[in-house]
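Sequence annotations record features per position, and here TrEMBL assigns active site, 4-aspartylphosphate intermediate to Asp618. Here TrEMBL flags Asp618, Thr620, Asp1062, Asp1066 as Mg(2+) binding site. Feature annotation from TrEMBL assigns compositional bias 'Basic and acidic residues' to 7-16, 237-270, 1528-1541. Annotated compositional bias 'Basic residues' per TrEMBL: 34-48, in sequence order. Taken from TrEMBL, the feature compositional bias 'Polar residues' covers 1407-1425, 1493-1514. TrEMBL lists 104-156 with the feature domain 'P-type ATPase N-terminal'. Look at TrEMBL and you will find 1088-1337 tagged as domain 'P-type ATPase C-terminal'. The region 'Disordered' annotation in TrEMBL covers 1-81, 233-311, 1396-1452, 1490-1566. TrEMBL lists 134-151, 157-176, 504-527, 551-572, 1120-1139, 1151-1172, 1202-1223, 1243-1261, 1268-1290, 1310-1328 with the feature transmembrane segment.
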Amino acid sequence: MTVTPYREPDETEVSHPQKRIRWATHRATGIKAANKRHSLKERLHRRIGSGGEKRDSLGKEGGLQPDHTPESSDAGADDQASGRRVYFNVPLPQTERDDEGHPLAQYARNKIRTAKYTPLSFIPKNLWFQFHNIANVYFLFIIILGFFTIFGASNPALNAIPLIVILVLTALKDAVEDWRRTVLDTELNNAPVHRLVDFNNVNTAEDTVSLWRKIKKATTRGIVRTWRLMKNAKKNRKEEKGKEGDERGHDGSRPSIDTRRASVATHRESYFGNQEGIQMTPVPSPLPGQSPTNSPPLTSGPGDGDKIRGVDTKGAVKQKFWGSVLNPYKTAPDTARFKKDAWKNVQVGDFIRLYNDEEIPADVVVLSTSSDDGACYVETKNLDGETNLKVRNALHCTRDVRHARHCQRAEFVVESEGAHSNLYSYSAAIRWQQHDAKDPETPSYEMVEPISINNLLLRGCQLRNTEWVLGMVIFTGDETKIMINSGITPSKRARISKELNWNVIYNFFILAAMCLISGIVLGVTWARDDTSHSFFEYGSYGGAPATDGVIAFWAGIILFQNLVPISLWISLEIIRTLQALFIYSDIHMYYAKLDYPCTPKSWNISDDVGQIEYIFSDKTGTLTQNVMEFKKATINGVPYGEAYTEAQAGMQRRQGVNVEVEGAKAREQIARDRVRMLEGIRKMHNNPYLWDDDLTFVAPDYIDDLRGDSGIEQKTANEEFMIALALCHTVVTERTPGDPPKIEFKAQSPDEAALVATARDVGFTFVGREDDRLIVNVLGQDRKYQVLNTLEFNSTRKRMSAIIRMPDGRIVLFCKGADSMIYSRLIPNEQRQLRADTGEHLEMFAREGLRTLCIAQREISEEEYEEWNRDYDLAANAIQGREDKLEEVSDRIENQLWLIGGTAIEDRLQDGVPESISLLGQAGIKLWVLTGDKVETAINIGFSCNLLDNDMDLIILKVTDDDIASVEAQLDEKLKIFGLEGSEEELAAAQNDHEPPPPTHAIIIDGDTLKLALDESVKRKFLLLCRRCRSVLCCRVSPSQKAAVVNMVKTGLDCLTLAIGDGANDVAMIQEAHVGVGIAGVEGRAAVMSSDYAIGQFRFLTRLVLVHGRWSYRRLAETIANFFYKNIIWTFSLFWYQIYTNFDSQYIFDYTYIIFFNLAFTSLPVIVMGVLDQDVDDRVSLAVPQLYRRGIERKEWTQPKFWAYMIDGIYQSAVAFFFLYELFAPARFVTSNGLDISEYRRMGVYAATTAVCAANIYVLYNTYRWDWLMVLIVVVSTLFVWMWTGIYTSFTSSGQFYKAGAEAYGTLNFWAYVLCATIACLLPRFIFKSVQKMYFPLDADIIREQVKQGKFDYLKATDAYIPPPPEKGAPAESSNISDADALKYKAANVDATDEDLRPIYPPSVAPTATTHNPRSQNGSNSTDYTFRRSMEGLPPAHSTEGPPPTHRMSTDYRVRPSFDRARMSMDRVRPSFEQSNDFTSAAMLTRLESSHSRNSFHGNRTSYQGGPPNTQPAVMSRLRNAIRRATLTRDEAPEHLRQEQGEVPDVPAVPKEPTTKSAESGPGSD
């Protein structure tokens, strides 16, 4: 194979983010980004195109994208050469060979290496990386200075030990981590695969091994052999200890394990070289008789078994001839065979055979499979954790290539696009010369078939439920999509670490000043001739005063080096590591369902978690469970389904309804309806595939109507609806044997599986696929539907269609998608009332927090389909611009649709989400939700999870003209509410204001408007507006927009951000935020792999942030301050001594003191404080979340605090030295033998002991939690200086320090000095802390006092994950929930009767907790009254035993509790939201109706109801969205209601459509 490299090096990639929307079969289109994202964490399946909220590729797009890249169709036809050509049994053209005949193209080896080091490069490369740390460079410089004796270092080798220890420990850690990566790489590279050998692959030259590679290989083998010898020696020593019996048997099993593991890490050539080649697969040949010795039979045309086969009865279509790449007249030696080989030996152009459960070694195009229809199934669990199976199909022209001999006779060329990162897009074509199998004299002709992502198996996937697959390798190694996308996660550093650099710089300046003073003083001193040195000294080291000053400067660097302590970095690493261990070990963040604890992945940012001001959260799968349950539907204008959703409970709670009582009654009613529905299903059809526990769609009236109780029309509509759900999908069935059998569906998304599962539950079971046909069991009868085309979802289409040939021969297009897309493609001037009813029902479903989509269909004539299919095949065969062309062709057929109905799926909130959000809000954290869901759904989820409340004005930002000026005008208008103009000064003020905004406003914005609002010209105004709102909901946003919003807040407000999500589309914002949290859930592990912390549920975030984050931040801030302090007290004690030595860099301390001061004397107390200190315990931290605000305001670590500790250290160092000076200045003390102890090393014993005592007790002062461990560490560390001095000075090896301990400790003034000096050192700090806690207490001080008073003792008796606050801790003495909330019911005009009998009052007479809304729109018709007839006088229900009535029965008398509850709760809460009619589904759909179809061909459409064109059947003229909502105009309302509503203005009713005579005759006219 050869490839011409891309010729547009100057062209850059431009980001073209597309709008995303979430729905049932959501897949992703990648977003082009300037920075490579971690796209291997994304979902891996797309057919024609895909995109959406939970399935967005975050990779850097290349290849054939709709945007104008060099690889796209817009780049011109010459881009054909920008890809690669792979030749199979076709000679390589001369133009693609060099002068020596070798291929010009060079392809990546399939051997990959993710390890950072090799055995040869480890030491130099690791040292290079370590010395990128400026602190290490500084310490190395100090050590180098110490080797020059002129600078006075007494023991330079000892001085190098701390740095050596740091370098060695870090190197060992890096080596262990890299060794693990190396082992994984080696196992992967040597994994076995069956590759075709003895086959001439013309695309690659012989692999030549360079001298450097030989050296590396030899080094690696040597190290591995050494490692094996060490392991064998250790094993032999164990065996020699005499283990016998079971133990010996146990040990005896180990050699095989060791041998196997060792072989993994070694060269596997010998292993694979001994494998016997195989001609065929071990599995039986799929079709005996079709695999003769020479070639398969081609009498009926190649690939005959894979043509489109028509249907069983009527309307058979002409079979399509796909052709075959096999040359029946080619003679081949038949020497090729499939042989087990290593992954690393796979090359571009190889044939490989894969077996079930094997991993894919490279990007492979599927040629044939064990399945007759060419299908195989792959799982992307190794990529992103998803376990949903994806379908991949073999090419039609290669399905006869099933054995090694066939591979030798197949002649074709693959023209492929170049390697790029988009996991969901691939375009190529296979070209071959088609031969006539019957007549060898007939000239051959060229044929071509397109290759798409549907035919490509990506490296990293696993083959499932497929016996074998034969494929050809297109991309290897680093050119595979998964390796291109394996971008490095951005490196994150904690804010304290960044600010610490400045403090280190400050200390460098102080150090330089101290050394400069030393150099100047010493130089001046040596220049004088009136001092004693001119008589007694025999010259200086430098020989001149200036030189002496320079020497003194560098000697001072060594003397005062602890001013920038190397031990600080060691201590911080230890503290953060232990903090991460405690977070991982916290059982309160352990999710038992997944066996998943909170897992820190970045250990160095734990203190950032304690300063989070903004949290950005995904909704689906993060706030919700991402377990989809089909709850409701609207079919032919009739609403079905009983459910009590959390969003609905939220609406009722805002009305003052006791949701506990209401919810219990609703669930009881739903349970009764569930039993009734199951009975109805069993009576109508004993569905063997229905499992009672799996039923989520509770609608007994649906079964009644399906049986025909409401007439033949509704019965037909219900059947058509479920057939559409059973046919329009891409799910894979999994049958579990049993009695009865169980069929489960593996779908691209949980939404799609829920739709097909509901159709199964009510008797329309998708059983499986047979070639190109779907088998559906319709109420006990198996039917076969031929799939002609599948037009899948993408981000711009927002819909999916399936073109099906029905059993009666008709061709029907079924389409499901977003309501806006479906409504715009309906037949103009048809179904007007049905559209209004369905639109209102969908709006109401969305307000209940349900996810909605529309279902429509269209019948297509044979002629139209044939013409369209030709264009579709041309578009599908295009290599350049295929997606754009397919989208254009698909758009032509998806119009003139006939609306069937809509669906509503619930994605329930996770446990504890409302309480967690409320708790985070109390802590001062602002939570923004960034989701791809519809606006109404997001708003209601916002209400149900406490993100929004009844007192908020909802500010809606919505533009339709894509004009930035329109957005700016809206922003200016909204900013005036807060008195802002959007200036730079206001933004600067906002950066310093960390107070949470009052809960009065919330912003709702969609993706289209957000794209404009993020423009640089208006971004500041948008940010300031969001800053003044308590909550922000960004709906229908793409992953790039999520990351852009996070970046806007992070950089614009200079605050710390946290992003939390669960899917691949959340990776961008997780990596963009300061702290990224991934939730291990249904969406896979993409977010988890890219995150800094991984948790099992959203509620664990509260404990991670409010407990561990706050603790970590406070601990680290106090630790760093104390570390600088204790080094200041030590270093300045040396500095004060230099005053009396003319700054000649003389040590007052013994050198061992200098080494051990940070290593042993004072290190442990400050580390233990950083790991274990607590101001309040975890329960109190959650009960009083306001304590967290100190972290948001960054008050624990500030520059004033740093300088305060520095000044305190300078003061204490002066006390330690000058007390000593005053002690020795007036007189000298002598020991018992008369020797003087005024020698400087013995003076150092005094000063060092006081410095250590003061430093350790100072740390104890600053520690909140005095437990036995902390006190023990402080005492032991302090006593260690006495112990070391006594022991070390007892040996003569201590030199002049000999007996210093005994002599100093034997004098009384030593003990008096230590006592007085220590008290004097600590007294100012003691006074300061006492005054502060008594007169200026912090919040934590007050809470600690209340804890001592017992106000939080109630927390010991509660096991709640989120403890109640103090005022709610004690139970009420006498509480009756029902009585206490009775007034709430009265306030809402709700009586205590049974829910089924309670009437629905008009909103005008049903006061709510808020002001009455004058424009309460209870339906899309904006009518003012909602009236429900009581149950009195209802006609008796028809007996289920008798035959169904033949007339159309009115359904307006039906009791629908769930519908009634939702209708009663449609109060729209706040006027500001009501007045934004554009954001209601019904109002929006009214504007969109048939807007697309009006510009399309409009022929006569005969409805399935049998009515003539443009004529509504009888039922369509009824306002069926009543109770099924009897929605009445004012004139039609009962008299007593008209009297009570005298002041409400008239609102005209929506004009009713012209109806037929039969429609006016009443419900019985059918």
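Every residue gets a Cβ built from N, Cα and C, even glycine.
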The average per-residue pLDDT within the domain 'P-type ATPase N-terminal' (104-156) comes out at 80
Outside the transmembrane segment (1310-1328), at least 6 residues beyond either end, the same-chain residues with a Cβ under 8 Å of its Cβ set are 1129, 1208, 1211-1212, 1215-1216, 1219-1220, 1223, 1245-1246, 1249-1250, 1253-1254, 1257-1258, 1261, 1304
Same-chain residues at least 6 beyond the ends of the transmembrane segment (551-572) with CB under 8 Å of its CB atoms are 133, 135, 138-139, 142, 145-146, 150-153, 159, 162-163, 166, 497, 504, 507-508, 510-511, 514-516, 518-519, 521-523, 541-542, 1116, 1119-1120, 1123-1124, 1127-1128, 1130-1131, 1134-1135, 1138, 1143-1145, 1147, 1154, 1157-1159, 1163, 1166-1167, 1170
Comparing 134-151, 1151-1172, 1243-1261, 1268-1290 for Cβ pairs under 8 Å with the transmembrane segment (1120-1139), the winner is 1243-1261
With the greatest number of Cβ pairs under 8 Å to the transmembrane segment (157-176), the stretch among 134-151, 1151-1172, 1202-1223, 1243-1261, 1268-1290 is 134-151
Most Cβ neighbours within 10 Å, among the binding-site residues Asp1062, Asp1066, goes to Asp1066
Outside the transmembrane segment (1151-1172), at least 6 residues beyond either end, the same-chain residues with a Cβ under 8 Å of its Cβ set are 154-155, 158-159, 161-162, 562, 565-567, 571-572, 574-575, 578-579, 582, 1115-1116, 1118-1119, 1122-1123, 1126-1127, 1130, 1244, 1248, 1251-1252, 1255-1256, 1259-1260, 1262-1263, 1265, 1267, 1269-1270, 1273-1274, 1276-1278, 1280-1281, 1284, 1288
Neighbouring CB atoms within 10 angstroms of the CB of Thr620 (Mg(2+) binding site), all protein chains considered, total 31
Reduced to three DSSP states, the domain 'P-type ATPase N-terminal' (104-156) has 26 helix, 0 strand, 27 coil
